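In what follows, a single structure is set out as structure tokens and then discussed.
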């Protein structure tokens, strides 16, 4: 959903406005930042602007973003549900890494089933016009923002956990009480940092052409608070992108050196070789996820920086919306990549989910098994090599 984030002069008129409508990436986890969207020439009456939503390139971009949203709803909705269901049923899956992944899965699942339908209506059906009221506008924007930060912070926590487990194996591992506190910290930090995205979110009616109005939903910062807006964006850019990416890169670089370039002392038994293979597989998947995160979100942050700090670059740019949609689709695809990697590659959770369905089907078909028998069987299923791999210390 296009969120109108920006700065607005409260005393400005419709003919000469200092208002920068912002495309807040509600549809792509971008809904979290104050990003200025210059819809037209700032000194030009808005009702003389061309309606870019009627162009062919915009139509093609609309189709692409619609397909991306459908993909998110299907892949993230179904895939993350499978992961969460398997984790809830099988205790052997509940190691620290999987618990951290579960938080990422929960946040993406909520976005897929709650936010994406509204984004589909905003981006594709109504072509950048919000018709669901201020409360939902702020709520969807806030949930999108929190989800993005939870994903980033969870990936950072996973990288640090892998670093401690592999590079410093003699140190005591984190207890479940500490892990619970870490998970709570991931959510609390994300919830607090995202508060401005809800506080400054509002609806604004804009006249795009003489006879057409569109209701933009997004963050609007008063013009006298522009310095705070830019400071907030740089703060977010630092603690939710640059900082985590640098930290994760250093962690995985050190882990790679430990696993691939350092000789293992002593006699290598089959169990030791198996553990090494498992750890390498896990780290490779996590490194691919980090690479995908950077490739998906770096263009979006770069686009936002140019838009917010060098707005004249986009003045009178006819294909601005199309460019935004391309960047938006790339960013949105990151959640699907995470889901595919964590669910189908790293954890073999589909196999466990099939066992859940099979056991429930047998119980209902036979009508003789009690829920206690069912729980006894499901909690006693031995862990697979993939699960053991993740839990190796």
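From the backbone N, Cα and C atoms, a Cβ is placed for every residue, glycine too.
Predicted, not measured: the structure shown is a model, and the values here were computed from it.
Sequence annotations record features per position, and here Swiss-Prot assigns topological domain 'Extracellular' to 1-63, 120-145, 201-232, 304-322. Feature annotation from Swiss-Prot assigns N-linked glycosylation site to 11, 14, 36; the stated evidence is sequence analysis. For 64-84, 99-119, 146-166, 180-200, 233-253, 283-303, 323-343, the entry in Swiss-Prot reads transmembrane segment. Sequence annotations record features per position, and here Swiss-Prot assigns topological domain 'Cytoplasmic' to 85-98, 167-179, 254-282, 344-393. According to Swiss-Prot, the disulfide bond annotation covers 137-217, on the basis of sequence analysis.
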* Structure fact -> the topological domain 'Cytoplasmic' (254-282) resolves under DSSP into 20 helix, 0 strand, 9 coil
* Do we see three or more Cβ pairs under 8 Å linking the transmembrane segment (323-343) and the transmembrane segment (233-253), pairs being at least 6 apart in sequence? -> no
* **Range from 64-84, 146-166, 233-253, 283-303 with most C-beta pairs under 8 A to the transmembrane segment (99-119)** => 64-84
* Candidate with the highest Cβ count within 10 Å, taken from the disulfide-bonded residues 137, 217 -> 217
* Asked: When DSSP states are grouped into helix, strand and coil, how many residues of the topological domain 'Extracellular' (120-145) land in each?
  -> 19 helix, 0 strand, 7 coil
* To do: Express the predicted model's confidence over the topological domain 'Extracellular' (120-145) as a mean pLDDT, rounded to an integer.
  => 89
* Structure fact -> For the topological domain 'Extracellular' (201-232), the DSSP residue counts stand at 10 helix, 20 strand, 2 coil
* Structure fact -> DSSP tally for the topological domain 'Cytoplasmic' (85-98), helix/strand/coil in that order, comes to 11 helix, 0 strand, 3 coil
* To do: Grab the same-chain neighbours of the topological domain 'Cytoplasmic' (167-179) for me: Cβ-Cβ under 8 Å, and only residues 6 or more beyond its ends, written as numbers and ranges.
  => 96, 99, 161, 254-255, 258, 393
